[in-house]
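K.L.:
The structure under discussion is supplied below as structure tokens; questions concerning it will follow.
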Amino acid sequence: MNSSDEEKQLQLITSLKEQAIGEYEDLRAENQKTKEKCDKIRQERDEAVKKLEEFQKISHMVIEEVNFMQNHLEIEKTCRESAEALATKLNKENKTLKRISMLYMAKLGPDVITEEINIDDEDSTTDTDGAAETCVSVQCQKQIKELRDQIVSVQEEKKILAIELENLKSKLVEVIEEVNKVKQEKTVLNSEVLEQRKVLEKCNRVSMLAVEEYEEMQVNLELEKDLRKKAESFAQEMFIEQNKLKRQSHLLLQSSIPDQQLLKALDENAKLTQQLEEERIQHQQKVKELEEQLENETLHKEIHNLKQQLELLEEDKKELELKYQNSEEKARNLKHSVDELQKRVNQSENSVPPPPPPPPPLPPPPPNPIRSLMSMIRKRSHPSGSGAKKEKATQPETTEEVTDLKRQAVEEMMDRIKKGVHLRPVNQTARPKTKPESSKGCESAVDELKGILGTLNKSTSSRSLKSLDPENSETELERILRRRKVTAEADSSSPTGILATSESKSMPVLGSVSSVTKTALNKKTLEAEFNSPSPPTPEPGEGPRKLEGCTSSKVTFQPPSSIGCRKKYIDGEKQAEPVVVLDPVSTHEPQTKDQVAEKDPTQHKEDEGEIQPENKEDSIENVRETDSSNC
């Protein structure tokens, strides 16, 4: 495995070396091409510089010739001016001579003078013209012609030279542009040459590193090959010796009597095996050390490469830090602007006028009479917590609690209707007989409740609902509304009546049920049943008794010591509803509404006079509402 890995590494190194050499040769060829281009550009530049020098020399020669021509022109101008001055002098002299001749002629006769003058004039004109012509033709005309010819030739030469100068200037501009282009190309080529030099240097470094690694790997390979050969030869020798010793030991063991030589051979065999194991361990340690050295060398090289990469990354990090600082400054500026905008927004919001006051709170929600029934059921299930519930009864309930209690009460009542209610026995001896006024109200309420509970067990109750009169329902509604007004006024002054009034308001008015219960009640018969001796109460272990048809419950009032929720009826200002506890009482026979009416129809009116109407209506309303909830 090691030899195959080493061969693979050698192949990789050779391939990398060949790639580096090929890249190096390509770069060298490109460098030579760029050098040739640079030499050509230099030659062109030198030729352009030579042409520029020649043009400069020619321009200097032309300028010298132009200066010479200008000097010659100035000389000719001076000669012409001197010739003109001589001509003017000669004209003046001729005029003076004419005047003198005129003076001499004046002494002669006029005819002679006129003739002579005419002759003289003609002669003088001819003489002057001839003298001028002679003067011009002889002395100056040649010079003037020569000068004119020279001026024309000089002007032509001047024009030619001006044209040549313009051409030379345009050529100079072109040459200068070419030189600038050459310089730019030279700079570009120099930059490319520098880049290629850097690439060549990198390639040289890489090639050097590759060559060094290749040489090191070759040295390590040779060392490992030598060590492997030595180890193989040593192992083969030891294997041969071990086989010899095994044979000798086998022969000695075959012999029946062990000799001293056999013991010595065995001892030598043991020693040799120990030496073999020690040398094998040393060989393994050496191999491990060599492998660690190779790994360390590779690690050093990797560390060097990683350091170079770290330097590059640090430079990138510095650039990124600068960008980060700039972005942070921008973010701070933006935050500052955002804070200012938020302050402005807050100021604008603060400056807005305050909102109008909230509307007044809504009136308290109408309480539920089911809550009283729930409290009774809870007292039955949790008698120990009656005191805490009594303290909480004075606090006003919210709408959410009322709805929860309604739901719980309905669920519990449905469960009790389905499964049956386990009622506890009543201890009649523990009833305190104090305050006769309150006992009267309690008895009347109990009578009414018992009669209503009896009517619920009859099958004829559903039929009686259909035969109700609208007049009775209307009168019952009016009576209930009047009673509620009175109880609201009374409970506003008493702390115990707040819950009762709130509960009584939450239940909807059931006029039909109240009318049915009113027509069905016979107070005298109910009172007689209540006062009649009750059957023996069951023991706590017996449980509820099964009745034929249905079970009715007896309504009792317990003192505050046992229940903690007894209420008093006061004739004057304070009124409150009694807390009802349902106790199991086995009825002998289910009485219908007709049977109750047949017993004593005359006692209903007599009992109405004894019981106060307001307390009576409260108890009836409570029984009706509990009855409706059970339904």
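The backbone N, Cα and C atoms fix where each Cβ goes, and this holds for glycine too.
Given the structure is predicted, the values throughout are model-derived calculations rather than measurements.
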K.L.:
Of S15, S82, S137, S375, which does Swiss-Prot mark as phosphoserine?
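P.N.:
Annotation hit in Swiss-Prot: S375.
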K.L.:
Would you mind telling me which one of S381, S461, S473, S492 Swiss-Prot calls phosphoserine?
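P.N.:
Cross-referencing S381, S461, S473, S492 with Swiss-Prot, phosphoserine lands on S473.
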K.L.:
If you check Swiss-Prot for phosphoserine, which of S506, S561, S586 comes up?
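P.N.:
The phosphoserine feature in Swiss-Prot corresponds to S506.
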K.L.:
Out of S249, S255, S514, which residue gets the phosphoserine annotation in Swiss-Prot?
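P.N.:
The candidate carrying the phosphoserine note in Swiss-Prot is S249.
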K.L.:
Of the residues T273, T298, T487, T519, give the one that Swiss-Prot describes as phosphothreonine.
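P.N.:
Record lookup, Swiss-Prot, feature phosphothreonine, residue T487.
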K.L.:
From S327, S515, S553, pick the one Swiss-Prot annotates as phosphoserine?
P.N.:
S515
K.L.:
How many neighbouring Cβ atoms, not counting its own, are there within 10 Å of the Cβ of S249 (phosphoserine)?
P.N.:
14
K.L.:
By CA-CA distance, flag whichever of S4, S101, S249 among the modified residues is nearest to T487 (phosphothreonine).
P.N.:
S4
K.L.:
Can you check how the pLDDT averages out over the coiled coil (7-353)?
P.N.:
81
K.L.:
Given S101 (phosphoserine) and S249 (phosphoserine), what distance in Å do their CA atoms have, once rounded to a whole number?
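P.N.:
That comes out at 182 Å between the alpha carbons.
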K.L.:
What's the CA to CA span in angstrom from S249 (phosphoserine) over to S4 (phosphoserine)?
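P.N.:
Answer for this pair: 41 Å between alpha carbons.
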K.L.:
Would you mind checking how many other C-beta atoms are within 10 angstroms of the C-beta on S101 (phosphoserine)?
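P.N.:
For S101 (phosphoserine), the count of other Cβ atoms within 10 Å is 14.
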